[in-house]
Amino acid sequence: MATRSPSVVISDDEPGYDLDLFCIPNHYVEDLEKVFIPHGVIMDRTERLARDVMKEMGGHHIVALCVLKGGYKFFADLLDYIKALNRNSDRSIPMTVDFIRLKSYCNDQSTGDIKVIGGDDLSTLTGKNVLIVEDIIDTGKTMQTLLSLVKRYNLKMVKVASLLVKRTSRSVGYRPDFVGFEIPDKFVVGYALDYNEYFRDLNHICVISETGKAKYKA
């Protein structure tokens, strides 16, 4: 029986790292409180998740479905590691990619209203083994809605990999199959996670400051 893989749990009192210890774009220095997860740690953890995905799904042709926009960096890096495992293993699998775009945030709050604003015809997923790749699970409502949508197409298998899962009282209890980091209820940006489209160009995952929220508020 398949089990959900463990995650790196970051405690509520984790202090993070001073911005001065890392290379931060000057235009964001006043907008961030701290570096929360350095880029190198993200990459090492993603490499391990790739191994977990291959162990769980590696006997099948996989359709990797990227949730845009925030998931694109994690998606690209995860697939690079999976491709490396494919190249260096006796057992390799074909993989194809597809994309879907959802919208559920306004400023720093998940609205609970899920809008599908892009993506190809999901009927192409019928009978396939699908790996959905997401940047962050907050309340879990977005992913539950997406799963209910794709399951209408009689998938052979569906698994979810999320770089982050947030501990929050607003959670509906959903937990992905593969999780990079479990984090406190803080609004984080960087590594393609955005605040109203800003901060996607930041390599590290950081905690946004109140100054940053005010500056980039919609």
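Numbering starts at 1 and runs along the chain as displayed.
Cβ atoms here come from the backbone N, Cα and C positions, even for glycine.
Some features that Swiss-Prot has for this protein:
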- Asp138: active site, proton acceptor (ACT_SITE)
- Lys69, 134-142, Lys166, 186-188, Asp194: GMP binding site (BINDING)
- Asp194: Mg(2+) binding site (BINDING)
- Lys115: SUMO2 cross-link (CROSSLNK)
- Lys115: SUMO1 cross-link (CROSSLNK)
- Ala2: N-acetylalanine (MOD_RES)
- Lys103: N6-acetyllysine (MOD_RES)
- Thr142: phosphothreonine (MOD_RES)
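Structure with Swiss-Prot features highlighted.
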residue: Lys69; record: GMP binding site; DSSP (3 states): coil
residue: Asp135; record: GMP binding site; DSSP (3 states): strand
residue: Lys141; record: GMP binding site; DSSP (3 states): helix
residue: Lys166; record: GMP binding site; DSSP (3 states): strand
residue: Phe187; record: GMP binding site; DSSP (3 states): coil
residue: Asp194; record: GMP binding site; DSSP (3 states): coil
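Counting only same-chain residues six or more apart in sequence, the Cβ atoms lying under 8 angstroms from the Cβ of Ile137 (GMP binding site) belong to Met143, Ser162, Leu164, Val165, Lys166, Tyr174, Arg175, Pro176, Val179. When the C-alpha distances from Thr142 (phosphothreonine) to the binding-site residues Lys69, Asp135, Phe187, Asp194 are tabulated, the minimum falls on Asp135.
Distance noted between the C-alpha atoms of Asp138 (active site, proton acceptor) and Lys69 (GMP binding site) is 15 Å.
The recorded positions in question are Thr139, Thr142, and the one with the fewest Cβ neighbours inside 10 Å is Thr139. Within the same chain, residues at least 6 positions away in sequence whose Cβ sits under 8 Å from that of Asp194 (GMP binding site) are Lys69, Gly70, Arg200. The Cβ of Phe187 (GMP binding site) has 17 other Cβ atoms within 10 Å, all protein chains considered. In the structure as shown, the Cβ atom of Lys166 (GMP binding site) sits within 10 Å of 21 other Cβ atoms.
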